[in-house]
Amino acid sequence: MAHEVIYLHDVEPRPPYMHTWERFKHREAHWLVEMFAEMVGVFLYVYAGLGPTAALIVGNLTAESGIGSLYTVGFAYAIGIVLAIVLCAATSGGHFSPGVTITLSLFRGFPKAKAVRYIIAQILGSYLTCLIVYVQWKDLLLAAEDVLKAKGLYDTLMFTNTGPAGVFALYVSPGTNLHRVLLNEFMTDFMLGLAICGVMDPTNYFIPPMVAPWVIGLTYSVAIWGYAPTAIALNTARDVGGRLMALSIWGKQASGGPYAAIAALTNIPATLLAFAVYDLFLGSGTRTLSPYHIDFLRAQVQYQQDNELPPQLHPDALKPPENLPLFGGVEKHIGDAEASEGRPRDGSHA
């Protein structure tokens with residue numbers, strides 16, 4: 001049974017100004033809208049995680065038990081990632097990480113000029129989010145700083161992963177072995193990169209598009225629950241934006257020392273390696289696309305064609321059978337022989 005294409009404006013009347021804005025948005029300012037979506041996506045994911053992180057650190061310093069835990073931090077970041085993907089990915093593609101953007105530029109042909117814009121938007125989104133959360137938590141953060149000063153621990157703990165500045169910028173405890181920190185960061189980033197590859201694979205029947213945000217979000221949570229005590233960043237935008245914000249508030253003493261380079265850069269080669277491993281050993285261009293992904297990709301193609309946007313997929317490969325619209329299929333019944341006529345039986349496919 002064939003299904004025709006149905007647009008939102010077919011079922012939900014839009015005011016005239018929205019038609020004008022959408023024409024301008026898609027044809028003149030689409031690059032700006034994509035940057036805004038990346039910035040908002042980073043805001044959602046970072047904002048969700050910073051609150052519980054502040055609760056955990058402030059609660060420990062002020063001896064207020066029960067207002068934060070590593071579990072709440074990990075789960076909050078998962079929810080933030082889900083929100084970022086479901087709300088913003090349809091507009092920008094949902095990178096939200098310089099490591100992902102750089103990898104897609106090198107391995108998937110993502111335009112390099114657009115990649116630079118995305119990275120700027122991602123870092124700016126993280127920076128602004130950290131400033132907003134700082135203002136919201138300022139009274140309690142200052143109270144925690146006063147506790148450290150009263151105990152004579154300000155210089156020792158303020159700029160560590162357990163100090164108030166550690167809510168925003170990422171640090172390690174004094175004396176931590178940076179070689180093990182680097183290994184910890186690389187392996188967790190590699191695991192997250194593999195998860196991203198898996199959900200992006202349109203031949204992966206185990207992960208339909210609607211499940212992808214949860215897989216990525218919970219993988220992020222697993223990394224936090226198991227390896228955050230050693231120190232992990234997982235995202236250059238989250239780290240650099242937070243560190244710039246900490247430098248804006250507390251000055252050079254918030255720089256983070258040699259660990260800053262590990263936190264900011266490690267996820268980029270780790271993500272590159274994850275994509276290479278997946279493409280070489282786990283993925284295959286000879287597998288068939290799942291029905292869920294076919295509809296999902298056809299919707300992307302339709303959107304690009306309708307709005308005269310540069311194609312990012314091969315639309316001819318996603319065309320439905322002749323005389324059928326872009327969305328839809330043919331209803332088959334048990335016993336229909338036509339569907340199997342001429343199909344190769346040796347495992348190969350067109």
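Placed from the backbone N, Cα and C atoms, the Cβ positions cover glycine too.
Per TrEMBL, transmembrane segment is recorded for 70-94 (among others). Same-chain residues lying 6+ beyond the ends of the transmembrane segment (70-94) with a Cβ under 8 Å from its Cβ atoms: 33-38, 40-42, 44-49, 51-53, 55-56, 118, 212-214, 216-218, 220-222, 224-225, 228-229.
According to TrEMBL, the transmembrane segment annotation covers 115-137 (among others).
The transmembrane segment feature in TrEMBL is assigned to 157-174 (among others).
The transmembrane segment feature in TrEMBL is assigned to 186-207 (among others). Among residues of the same chain six or more beyond the transmembrane segment (186-207), those with a C-beta under 8 A of the stretch's C-beta atoms are 99-100, 103, 215-216, 219-220, 222-223, 227, 232, 234, 266-267, 269-275, 277-279, 282-284, 287-290, 293-294, 296-297.
If you look up TrEMBL, you'll see 213-237 (among others) marked as transmembrane segment.
Taken from TrEMBL, the feature transmembrane segment covers 258-278 (among others). Only residues 6 or more beyond the boundaries of the transmembrane segment (258-278), in the same chain, are considered here, and those with a CB under 8 A from a CB of the stretch are 97-100, 102-103, 106-107, 170-172, 176, 178, 181-182, 185-187, 189-194, 196-198, 201, 231, 233-236, 239-240, 243.
The feature region 'Disordered' is assigned by TrEMBL to 326-350.
Annotation source TrEMBL lists compositional bias 'Basic and acidic residues' at 330-350.
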Check your understanding: Counting only residues 6+ away from its ends, which parts of the chain sit with a Cβ under 8 Å from the transmembrane segment (157-174)?
Key -> 50, 53-54, 57-58, 60-61, 130, 133-134, 137, 141, 144-145, 148, 181, 231-233, 239, 242-243, 245-247, 249-250, 253-254, 256, 259, 263
